[in-house]
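Inspection log for the structure reproduced underneath, given as structure tokens.
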Amino acid sequence: MKLNTLQLENYRNYDEVTLKCHPDVNILIGENAQGKTNLLESIYTLALAKSHRTSNDKELIRFNADYAKIEGELSYRHGTMPLTMFITKKGKQVKVNHLEQSRLTQYIGHLNVVLFAPEDLNIVKGSPQIRRRFIDMELGQISAVYLNDLAQYQRILKQKNNYLKQLQLGQKKDLTMLEVLNQQFAEYAMKVTDKRAHFIQELESLAKPIHAGITNDKEALSLNYLPSLKFDYAQNEAARLEEIMSILSDNMQREKERGISLFGPHRDDISFDVNGMDAQTYGSQGQQRTTALSIKLAEIELMNIEVGEYPILLLDDVLSELDDSRQTHLLSTIQHKVQTFVTTTSVDGIDHEIMNNPKLYRINQGEIIK
């Protein structure tokens, strides 16, 4: 999977710009606040129909403009395909092959990306919410079924929380509606939990040998999925559903008193253990960086296995955060197989030989100077 061209109109600090992309490595050089990260963000946004930096799409529109447009031509095993995202202050529109997609679940997955930025260290040391978002973003790119199940779960969760709040405030008395919502809630909670558990298992199988290679077999990495709803995965679907319903039924009064759902995938977490110790609590900064790097490289391999093509890798000012050995391991792993976009303030310290003669672009005040 390669991005041949990227065209932006009124995106962030860009007026109109076209980037003809190198199939291997593209290095975007420039001082801070010139637009390097905006370019990477536009590729991410084109892939996932949302930015990783803001939840407000209006911020993506250039100052004093009415709209923003991102368009990319994608090469993949079946040929080429244009993807378009049009953003206005009222909403957004996405197209595949010039055909509008009515649902984002139909759109996401055509262009797969893996982003690695300094803030991705928060996957290890940050809050559970960050790790849940990590699962949803990566798993959502390779499974439209998961995206749909997650959307249904979030819809029912919102309805259930609204009803619990009304019960707490005494605006509602009837628990029958809560029981109905719990039934629907349990069904999609089980589906989301099942898919997350499988994803973490697959990711761990790929991350373990990568981590061992980076540390010269001195450290062993393990990933542990910590679901809020704990049930026996070996049971059949009906038995698992019954087990979840039992948990929800036993805690119905607690949830009513609190006015919020206390159990479900929205409260899941993951732990990353290095040599049997929780990396979030006990890991050094170096161990946390190695863990994050191992996870990102495992994501790349997992997407290739599931989709049949390597994703595009976005490295946002991250090489400066890695020491020489980690940087070399990253670059040697991706060379010749993963199209990569790198932002940096300087090419000093980047091994050009390993990066296979990259194409350099200088970014200055929203303009690309080759």
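Glycine is no exception: its Cβ is also placed from the backbone N, Cα and C atoms.
Residues or ranges marked as ATP binding site by Swiss-Prot: Gly30, Glu31, Asn32, Ala33, Gln34, Gly35, Lys36, Thr37.
Mapped onto this structure are the features recorded in Swiss-Prot.
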{"residue": "Gly30", "record": "ATP binding site", "Cβ neighbours (10 Å)": "22"}
{"residue": "Glu31", "record": "ATP binding site", "Cβ neighbours (10 Å)": "12"}
{"residue": "Asn32", "record": "ATP binding site", "Cβ neighbours (10 Å)": "8"}
{"residue": "Ala33", "record": "ATP binding site", "Cβ neighbours (10 Å)": "10"}
{"residue": "Gln34", "record": "ATP binding site", "Cβ neighbours (10 Å)": "20"}
{"residue": "Gly35", "record": "ATP binding site", "Cβ neighbours (10 Å)": "24"}
{"residue": "Lys36", "record": "ATP binding site", "Cβ neighbours (10 Å)": "24"}
{"residue": "Thr37", "record": "ATP binding site", "Cβ neighbours (10 Å)": "20"}
State the three-class DSSP label for Thr37 (ATP binding site), counting H, G and I as helix, E and B as strand, and everything else as coil. helix
Report the residues of the chain - excluding Gly30, Glu31, Asn32, Ala33, Gln34, Gly35, Lys36, Thr37 - with C-beta within 8 Å of the mean position of the site's C-beta atoms, for the recorded ATP site, in sequence order. Asn38, Thr343, Thr345, Ile363
